[in-house]
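Undergrad: Relevant sequence annotations retrieved from TrEMBL are reproduced here:
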- A:7-25: transmembrane segment (TRANSMEM)
- A:31-51: transmembrane segment (TRANSMEM)
- A:58-76: transmembrane segment (TRANSMEM)
- A:82-104: transmembrane segment (TRANSMEM)
- A:111-128: transmembrane segment (TRANSMEM)
- A:169-188: transmembrane segment (TRANSMEM)
- A:216-236: transmembrane segment (TRANSMEM)
- A:256-278: transmembrane segment (TRANSMEM)
- A:290-312: transmembrane segment (TRANSMEM)
Amino acid sequence: MVRQVKQAFFPVALVLFAALGPFILEPFDLVNLSAFSAMAIAALGLAFVWGTLGILNLGHCTFFGLGAYAYAIAVSNLGDSTLAALIGIALAVAFSLVLGYFLFFSRLGDVYLGVITLCVTLIFYSFMTSTADPSFHIGPVPLGGFNGITAVPSLNMPGDPQAFLSTEATFSICLLSLAGAYVLLSLLRSSDAGRIMTAIRESELRSELLGYDIRFYKLVGFAVSAAMAGLGGALYTAVMGYVSPNVFDLSQASQFVLWVIAGGLGAFVGPVVASFGFQLLSSQLGANQVFNTELIFGATIILFVMLAPQGLQPMLLGLSSLKFPHRFGILRRKEKPA
Amino acid sequence: MSKVPILAARGLVKRFGGVAAVDGVDLVVDAGEIRCLIGPNGAGKSTLFKCLTHQHQPTSGHVLFEGRDLQGLATHRIARLGIAIKNQIPSIYANLDVRENIRLAGLRRWLGKRQLNRVVELTLDEIGFDERLASQPAATLSHAHRQWCELGMLLASSPRIALLDEPTAGMTREEMLKTVDVIKRLNASATVIVVEHDLEFIARLAQRVTVLHRGKVLVEDTMDKIEANEIVRDIYLGRKKEAAHAEG
């Protein structure tokens, strides 16, 4: 019971913030925070697939970018933003199933999986940057090469393309989506399927010997993470009003990984907090122009790996549980030599 | 005894380069048996074990489970037939607690939640784990407890046949005796095949013993007869040459 209350604390806080934020904050901050939330949803997807299933997907931004582009193209063609966001999710999931099929059914090792996913996103990057020619268009929407797609319509009332939502409403939707994604992934992780996924991360051999089809579970987990990234991408584009090939580039790819490492691999709250923190830092540094943002991030990730390799959340939880005496009981147990 | 043996190997050969680690093994195990495979180092026990469970593809020959060829089946499909495997190196979920380890093994049976919990608690009882041990991460267990944890996982998965590769390796005599009990529990509902070195363990457990030597089946008999067998004694004592001379 105590655990459930503790677990509910974070999404409830997000929901409260979604409700109260518009009364406290300036519109500028609301837009920023909406964009941060969209990014955080995608980061949660990576936190899930990496932390629970142990799949290090260095190209997580592929799905984010696909969701972003799909939203931009669909909303301009169809008018309705709800449908466009769903298309963004569906495209990301469909692509993840195809990519995941080749990755998992060929039983690639972890390192190769990381390299290939990273290459895939860079392929998308170089393809999208070479679509500057006006002949590259879908419906009335030119893909735009380096500049990407601009003037993307923001969110509207479901079914009514003329009724655009206010900055405040968009902010609430983004934060509620983040809370929803958090709850959904937490439920999935603690379900039987999620526990099997954790088991697969712990030992693939044992899981197979028990009769679990690890390729299937990996594919499902991969698709779920892609759905999160696709949703994040769609919301991000809706908030910012543009999408460029930069969603597929190396710094975007590394950001998601950085947030999950900093927040704590295997945790959900940590990566969300870290993603907000780093994006805030990034926007502040960007405004000042004093330091190179990439340099700061590079230094931060090195510091984290050296000083807090488990990430923020496990480190803080570890500090607080040190006072429990039973910890020492376990630590004192001597293991017999094998 | 049923007509179709639960596990049968026909002309099993496994070559590594020019060496035939398993060199034409025929083996028939009937349902309900506890069968031990013994042999000196390098006799091909572990390779045969990996072939029987299709963790190694045999170079030629077949493994039949209740008459069904395992050829081409993925590892998880073989497990789903009811074949439980414990390799020589303990394979458990080190960072999960023992109860979760056992639960994950039972989960595959798609029992109801309440019945699954019952199976888990019963299994913990069968391997003699108290509450303190059950809630420990498996990584903090002693070597013997890890072996029992893995045997518990096999128990909870309720297999038709369990194949165990050196379940008592590195155990004290008392721990070995407890393992005998656990394996007998396993045998109450499943056929058991054990690969072992420890002759006392085998004497306490096996009904029939198959002795391997240089990749081939040397003899197959009850433990009493095996112990009295001159050739087997010679092999185990490393007097192969003299034995060969005596035969010749």
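In case you wondered, yes, glycine gets a Cβ from its N, Cα and C as well.
So where do these features actually land, and what's packed around them?
TA: Residues 21, 25, 57, 60-61, 63-64, 167, 170-171, 174-175, 177-178, 181-182, 185, 188-189, 221-222, 224-229, 231-233, 235-236, 239-240, 255-257, 259-260, 263, 265-268, 270-272, 274-276, 279-280, 283 of the same chain sit 6 or more residues outside the transmembrane segment (A:31-51) yet have a Cβ under 8 Å from a Cβ within it.
Sequence-distant contacts of the transmembrane segment (A:58-76) (same chain, at least 6 residues past either end, Cβ-Cβ under 8 Å): 42, 45-46, 49, 83-85, 87-92, 95-96, 99, 114-122, 124, 128, 138-141, 143, 148-149, 152-153, 225-226, 229-234, 236-238, 242-243, 245, 247-249, 252-253, 255-257.
Nonlocal intrachain contacts for the transmembrane segment (A:111-128), taken as residues 6+ away from its ends with a CB within less than 8 angstroms of a stretch CB, comprise 55-62, 65-66, 69, 99, 103, 143, 145, 148, 245, 248-250, 253.
Long-range contacts of the transmembrane segment (A:256-278) within the same chain: residues 10, 33, 36, 39-40, 42-44, 46-48, 50-52, 56, 58, 60-61, 64, 178, 182, 185-186, 189, 297, 300-301, 304-305, 310-315, each at least 6 residues beyond the stretch ends and with a Cβ under 8 Å from a Cβ of the stretch.
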Undergrad: Which residues of the chain, 6 or more past the ends of the transmembrane segment (A:216-236), have a CB below 8 A from one of its CBs?
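TA: Those are 34-35, 37-46, 48-49, 52-53, 55, 57, 60-71, 84-85, 88-93, 95-97, 99-101, 103-104, 173-174, 177, 181, 185, 188, 193, 196-197, 200, 243, 247, in sequence order.
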